[in-house]
Amino acid sequence: MMLRRNAVRSLKTMEISVSNVVNSGSIAMLRGKLANVVLSDRTYHSSPIFHKNVPKGVLDKKNGREQRKTEQNVFNVDPASPWRHELLSFDECVSSALKYSTTPLQNTYKRIGNNQLNKNPSFAMFWDSMGRAMELYYSLRESPDFNAYRVSRLIHLLHNGLRSTRDQLVKLSRKPDYDSQSFHKEMMNFLCNSLKDISDDILIGKVSVSGYGATHLLTSFKELSFDDDCIRIWEASKNLSDETTSQAFQEPKVVGFMLPLLYAKTRSLTEPNELYNQIIQSKEFIHPNLYSGLIKVFIKAEDYEKALSLFGQLCEKAEVRNYGYLIETHLSFIGDSKNLTLAESFFDKIINDEMPYKIILQVSTVNSFLQNIWKAQNDFDHVYRIWEKAVKFYGNTVNPGILSSLNNTFFTIFFENYINDNINGFRKLQEIITFYSGVKKIDEPFFNVMLTRASIWHERSIIDFIDKNYTLYHIPRTIISYRILLKSLGSIDNTNNEEILDRWLELVKKLNELGQQYIANADLSALRDATVVWSQSKRDEKVFSAKAKGTPATTTTTEDDIKVPKPLENLKNEDSTSNSEDRIELYLKILKRYTPYFRATKQVYRYTTGCAESYPILNEYLSGYSDLSAEDIPVPQLHSFIAKEQ
């Protein structure tokens, strides 16, 4: 099924004048033209068939039959082959694991908690099958029957495992689950090493690969941020004597993937322009990934006329099974376009649900859009307007992590905008909280992000204000907020050791309540930031001030050197001010008192001598660390912690 012809005519009408519009800078005209684009066709959007996973064979019966015939041929094994048993075992391992992973692993992750994940039979079987497949790979790569399709399916499987593992590591980074993190990091190393071994074998001609496998291989390296490796592999493939592999890396879908990477490195439009002219003159529909790659390049190059022209062809010629490429390029117009009016027009089409295809608005795209607005215009009102639209659009339908990422970008810009105007900034902050609470229930990450970014104000009152809002909005606190509240004390002067110690004890009690057995690095880092980092900043300020005045600086900081900022209106507090020596002494005492509850002895080195490498002020106190008495530091009753013998 093609996109409707009458809808495509609207897009073509826009393309004719878009060049003049862009060149003349008539933003209003561009916006008006784009408003009539194919994407406004609501009738087609309501067609239920467009949202179903239509089997490939239904769309292209001839290609489907040919594919099944090809698969039967590549899986045939000569009964007399000495590799027969291993080949059949390999095929079974890969097939079973692929079947499991293409019913996304996310479904399994949702059904069972992270603590039980590694014990789940299906989950374990997936990783066992993958591990067994790699073992067989190292044996079978010498076999003449180990063809390009088998290698490609293995790469596909590794790519699936890579994506699921990366997703889990992102989720676990927000949770104190050391064992699960350790497992997934181990799997990540296994996957990276496996992909590297296969790519090395491909480049020396030991194994072959199809375009299907080449795409998964390069995409895997791209997702690992190994862009240079992608380019190295692709360039080397041109000179391979293995014709199957060499041609595979030159297939349109692979070239389409590589185009944005190559442009990012060379900034050359010679080849993209040549490919563009070939596509325009050709009557055949080339692989949509080539269109997608070219569109991304031309958006980056700010050649929007060509980008929109190709997008129009993709809309006209793409079949239902290609809708993912339409979505991908649509998001590129939002996140990568420097023409903010063009980007906002594509953004609004999603927000207003005017798409002829189902689309998920990726938060990374919105984040890029917000950053582009701020960088180009320095217009916070525009940023705020887009953020409001996005929050309303997401509402309560997305994972909290999605909004946490969006809010992190937004509040980074917010505090940059109000860095020297905390009075008006605080009023705006109250307005933001009121708006947000009217759209969805405020959760802990919202205030966590706000509190983290608010440290730039060095204002005690904002910390107290946000702290009270956790209670006001009945938000259950996780260990994350306890760490942030402790860490935030390192951004202000008007606190004292008693408060820092109280915050530390609250953190430890929360860890005990959660059943944690050890003090984690994240806990010690929060304590370090509240004490050592603050002390180092005071020392640096004093040295800088002395240099500016042309007077020698002393090596210690006194209370007279510390200036307490004026609190926000109507939010006064009377906390006393601690000095650098007091905070560092408290830091070292807490470290010493709680050392038995560290997971590893190397943590002591990391947060003493290791810490002093970044914060030299600590060196002045380490010589007396071994003789320091920490008996006056309390330790609450700990039921879950495991104390180590000293």
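Positions of Cβ are set from backbone N, Cα and C atoms, glycine also.
Taken verbatim from Swiss-Prot:
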type	residues	note
TRANSIT	1-14	transit peptide
REPEAT	209-238	repeat 'PPR1'
REPEAT	251-282	repeat 'PPR2'
REPEAT	288-317	repeat 'PPR3'
REPEAT	323-353	repeat 'PPR4'
REPEAT	363-394	repeat 'PPR5'
REPEAT	401-439	repeat 'PPR6'
REPEAT	444-473	repeat 'PPR7'
REPEAT	481-514	repeat 'PPR8'
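Outside the repeat 'PPR1' (209-238), and at least 6 residues removed from its termini, the chain residues within Cβ reach (under 8 Å) are 148-149, 151-156, 158-159, 162-163, 166, 192, 195, 198-199, 202-203, 244-251, 253-254, 257-258, 261-262, 264-265, 289. Residue counts of the repeat 'PPR2' (251-282) by helix, strand and coil are 27 helix, 0 strand, 5 coil (DSSP-based). Within the same chain, residues 176, 444, 447-448, 451-452, 454-460, 463, 467, 470, 520, 522-523, 525-527, 529-531, 533-534, 538, 562-565, 573, 575-578, 582-583, 586, 590, 594, 633-641 sit at least 6 positions outside the repeat 'PPR8' (481-514) and bring their C-beta atoms closer than 8 Å to a C-beta of that stretch. Here the repeat 'PPR2' (251-282) has a mean pLDDT of 94 out of 100.
Taken through DSSP, the repeat 'PPR8' (481-514) splits into 28 helix, 0 strand, 6 coil.
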